[in-house]
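Q: Taken from TrEMBL, the feature signal peptide applies to 1-25. As annotated by TrEMBL, transmembrane segment applies to 49-80, 92-114, 196-220, 232-252.
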Amino acid sequence: MKKKLILAFLLLSSLSILMIHTMHADPIPNINVQIGGSDSSSGGTSSISILLLITVLSVAPAFVILMTSFTRIVIVLGFVRTSLGTQSMPPNQVLVGLALFLTLFVMAPTFSTINETALQPYMKGTITQSEALNKAADPMKEFMFKQTNSKDLLLFMKYTGYTGTDKPATYSDIPLTVIVPAFAIGEMKKAFTMGFLIFIPFLIIDIVVASTLMAMGMMMLPPVMISLPFKIMLFVLVDGWYLVIKSLLLSFNT
């Protein structure tokens, strides 16, 4: 009985102490949230600008991949690694990083034109946002137009009502919704063509090694294990990375 009384006394004492601390604690400030229209149009304009900026940032990777030289470069570099048979060497981070810097190098004249004709005038307030977007799209369309095949471009243009049989002489009348997919499939075709040519010498080495092992009766020995050092040695002796990068850069000058 005494234990129960002591326990009840301790419980009441604890509750009393908590109530005293609560009463003397700092009051919680009132927070009022008001939702209503802005008194000026600047608030709505800034909100729309922020929304557009977030949208642009979310689709920026797609623009980098499909509207620049990145697609062709990264696919060719991937074919080099696959043809060598080194699996994860060089790592994906190295290949993507190299592809990004090569893309910046190839696209430097285009980006410089965009900066001079669209970005700087817009930041100075001499042109509107829509004018800046149109001026920025023109250099990109010019680059893609030079790299796009007539067949790929006509494939998409015929669905927009174009009745001609030849590639348009200028890019000004071609919308981005037409030239971007045409440019993308053309880049993949060129990249796969270059990848096929890269595969040929390494395929010959694999065939020679496999035939030699077969003739020697070493059928249980994996040919890939023997051919890999020879492929790496050949690639290093001919300065393969230099030749691949040189071929990629020259392919954008045609």
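Our numbering is plain: 1 for the first residue shown, then up by one each step along the chain.
Including glycine, each Cβ sits where the backbone N, Cα and C put it.
Set these features in their place in the structure for me.
A: Beyond its flanks by at least six residues, the transmembrane segment (49-80) meets 95-96, 98-100, 102-103, 106-107, 129, 140, 143-144, 180-181, 183-184, 187-188, 190-192, 194-195, 198-199, 240, 244, 248, 251-252 of its own chain at Cβ-Cβ distances under 8 Å.
Residues 64, 68-70, 73-74, 77-78, 81, 135-136, 139-140, 142-143, 245, 248-249, 252 of the same chain lie 6+ residues outside the transmembrane segment (92-114) yet bring a C-beta within less than 8 angstroms of a C-beta in it.
Here the transmembrane segment (232-252) has long-range neighbours at 69, 72-73, 76-77, 80, 84, 86, 102, 105-106, 147, 190, 194, 198, 201-202, 205, meaning same-chain residues at least 6 beyond its ends whose C-beta is under 8 angstroms from one of its own.
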